[in-house]
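What TrEMBL says about this one:
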- B:6-25: transmembrane segment (TRANSMEM)
- B:32-56: transmembrane segment (TRANSMEM)
- B:62-81: transmembrane segment (TRANSMEM)
- B:107-126: transmembrane segment (TRANSMEM)
- B:146-169: transmembrane segment (TRANSMEM)
- B:181-199: transmembrane segment (TRANSMEM)
- B:205-225: transmembrane segment (TRANSMEM)
Amino acid sequence: MAQQMKTVAVWFILLLQSITYGERTRDKMYQPIVGAACFRRLNGTHQIGCSSTYSGSVGVLHLVNIEADLDFLLTSPPSPPYAPMIPPHLFTHRNLLRLKEAGPDIISVVLLINRNSDKMTQFSHELNCPNQYSGLLKPNISESATCDASNPPNSWNPWGTGLLHQDFPFPIYYIADVNETQTLVNCFEKFNNFDYESHALRSLCAVEVKSFMSAAVNTEVCMRRTNFINNLGSTKYCDPLEGRSVYATLYPRNSPENLTTEVPRSVNTAEKFILVTTRLDTTSMFDGVGLGALDSLMGFATLTQVAHLLRQLLPPQGSLPDPRRNVLFVAFNGESFDYIGSQRFVYDMENLVFPARSTKSTPISFENIEFMLDIGTLDDITNIKLHTLITTPLAQDFLKKLNNYASSPRYGFNLDIQSDVGIQIPPTSAQSFLRRDTQFPALILNAVPANKYYHSIYDDAVNVGFSYANTSRDYISLIDVSESKNYFNATALQMKVANVSSIVAFALYETLTGLQYTGNKVANPLLADEFLYCFLQSADCRLFKASSYPGSPSGLPLPPMRYISVLGGSQESSGWTYRLFGYLLSQPQPSVAKENCTNLPLHWVAGINGTGECRLTTQSYMDALSPAFLIENYDWRSGKYSTWTESTWSQFSARIFLRPSHVHKITTLTIGIVVLVISFCLIYIINSRSDVLFDDVPASNAAFSRPTAC
Amino acid sequence: MTLPEFFGCTFIAFGPPFALFVFTIANDPVRIIILIAAAFFWLLSLLLSSLLWFAVVPLRDVLVFGVVFSVLFQECFRYIIYRILRSTEQGLHAVAEDSRITDNKHILAYVSGLGFGLVSGMFALVNLLADMTGPGTMGYNGGTEIFFVVSAVQALSIVLLHTFWSVIFFNACDNNKYVQISYVVGSHMLVSLLTLLNAQELYKTTLLINYTITIGTGVLAFRAAGGSARSFKRFITCQ
């Protein structure tokens, strides 16, 4: 009857879901686990990442503390399939491949837990040669000419395991929260971690992970299946990786284009641009985790600060020795996946569609580019090199300028930038330009690789040693060289970013003006402090507020996601970058009132005081979608452009529960069948001889049919 | 997946009622109709109980309150279906192909009792069965592994008890045996309240008492339907 009362409750839950409540048996059986799943991506030839089975993969929890625990699971699993809980220091290439080889019958789920993470010495899931199959390639082979994958210590990511580019037959779930990890460990200790011989005979604590991926094989197959004509429905199996790159010019362009004409667009050859670029995005193996602090944020911070510094130092464009010169800053999105942003940029420039017609200015072509300065990874600023393919006077000259400021006692940066000429250039956006034309004047600033957490979930504020100073001082104005040392010690991250930014900005200043920079103002480390806080700790920060419209909703108290994602993804980082460029790289227009400051390029921003100010902005978005998805009948296997797509999925979830043993299941079923058979026999006999049983009733009135033989 | 568990429990709870249905109900359309009608009346009693539970807001968490009134409603509806069946006897007699159904009053009692029991057992178990198909079993957050089997066995006893109760109840109403009527209501109440002990996981105790009552009620029903020790002896010894 208690059950009947429960059913009464259920009855009403159906009727009045909003008012009533009820506890189902299910709630007692399952405990959800919060984490991040590894998902599937596809390129022209392969699929990488993980997927669960359609109904969810189930495995018995097993805590792995040392490698011997894994050996035990792989050699003599008492009750497979298992779900090993692996701490980060054992999440290695070798171990994962062993698990993969064992197959889903033995290992059905892998959990990465945040335990013993102090033992971890490295954790990079990127290849030894990031973007190995794009950029500058060896002749007739689709492999990078700029990096030797067979010699990891000499590669661009010596600690890379390449796990990001492996295809796993089981889901991998990352559990960041220590409490969730503890829940798992407790369940394992309580139900599993004793008497392993009887594992097959008793109920065990198990985990179920649901992360089924609908795409498979490769991008070609998946795009064909997604094509409406083929599948006669609106099912999507995968989406191309797609985001937005952000660009801005130092001076507003003065090269209008007549929109009304139907004639092809033509280039204004008088314009000259110095291209200053960096990477906006990062990636990791797990959905929504990974800040890319060292692998890309340092370069991005530097670019932003260089732009800000140059904007404040330089005189108006008209008073430059060559008044047609300008600087174009670009933050490319999707560079982690075969240079999506820069490939598209090059493609658009070749086809004279950059910038878009809607900007009402003439297209920019390669003729307009004077040279390109690409800011790569800056792992160790004492060891930065200026990479070029061949020795050119331009490179030598620029290096001299850089070192002039880097070693100048006036500023006390005490840095020395080396030159590195040769085919071994770092995997940065410049490769897309050099691939089109090896003569392209590209200079790449890149430090010797020292990041043991390249493209990983642990490349965070701790990895770069960032601690927010939170000084509430003016971070927008330039600062005197003597004052800049007051807030941070010389080894602080903020100082490093500011110093490199100053050096680069001064060198560009000298290139543009033809005069040495002799001022005392340098980049403000407080701006670096605010910038890094926004991107590493919380988007609800001063700098983002200052660059937004006054009173607009503040960002989430989480760092913005910097993975490129797909169309309809969050695109947070490019949105914030757009606003930052609009604030840091724009000219104040104090004479324009708020009501007149509504049409681009005029833009009303909150400013450092939050009171609002009018700015003449230059920034704009640009699609970062690989040209492969624009070209009709593109050969997906050609390797010419990035072909990365992301599989669609319906849900990511994980829960733990007790998995009944086979013995228990079979016993229950057997009892059921026995009861069924006995009752059939018994009732047949009773029914057939009912007149004997109920003999008080006259035979003609017998309740049941006539007897048969006993 | 624990589909074996699902089928095992389904067979335990609904195997015997299914056998009863196949051998004694399925070949007579009138009996099927009466079975369904009885099931419908049980549902009406559930509706009333739930309305009451819903209306009395302060007592929603007090299971005992709901249980007591649910039992009373069920017994009321047992009486209502008794009145209806007795008043439609003439009509039934006219349409029934098999005249035994009106000649032997116990058949109507048995069929309507089984209808009551089937739907009651189904409601008791069906949401548990739905949870049983998942990959897990009971035991992670309290509860024991045998919870599902116990529930199934409990549901079976409810089905059988309802059948017996109806036979006794109809017979008692015909003969004005108020003691037997009060036994039906009393034992129904007792069995229902006993299940409240399951919250303390006293499965053995409740099942034991439950089945003692089931067997006792079965014997009473057997006697009410015209059986006796002598006839039982003859049945056993195959005479």
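For all residues, glycine too, the Cβ spot is worked out from N, Cα and C.
Unlike curated records, TrEMBL annotations are generated automatically.
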When counting Cβ pairs under 8 Å to the transmembrane segment (B:107-126), the leader among B:6-25, B:32-56, B:181-199, B:205-225: B:32-56
Long-range environment of the transmembrane segment (B:6-25) - Cβ separation under 8 angstroms, sequence gap at least 6: 31-32, 35, 110-111, 114, 117-118, 121-122, 125, 128-129, 132-133, 148-149, 151-153, 155-156, 159-160, 163
Tertiary contacts of the transmembrane segment (B:205-225), as residues 6+ beyond its ends and Cβ separation under 8 Å: 106, 110, 150, 153-154, 157, 160-161, 163-165, 167-168, 171-172, 180, 183, 187, 190-191, 194-195, 197-198, 232
For the transmembrane segment (B:62-81), distant same-chain residues with Cβ under 8 A (at least six beyond the ends): 37-38, 41-42, 44-46, 48-49, 52-53, 56, 112, 116, 120, 165-166, 169, 173, 184-185, 188-189, 192-193, 196
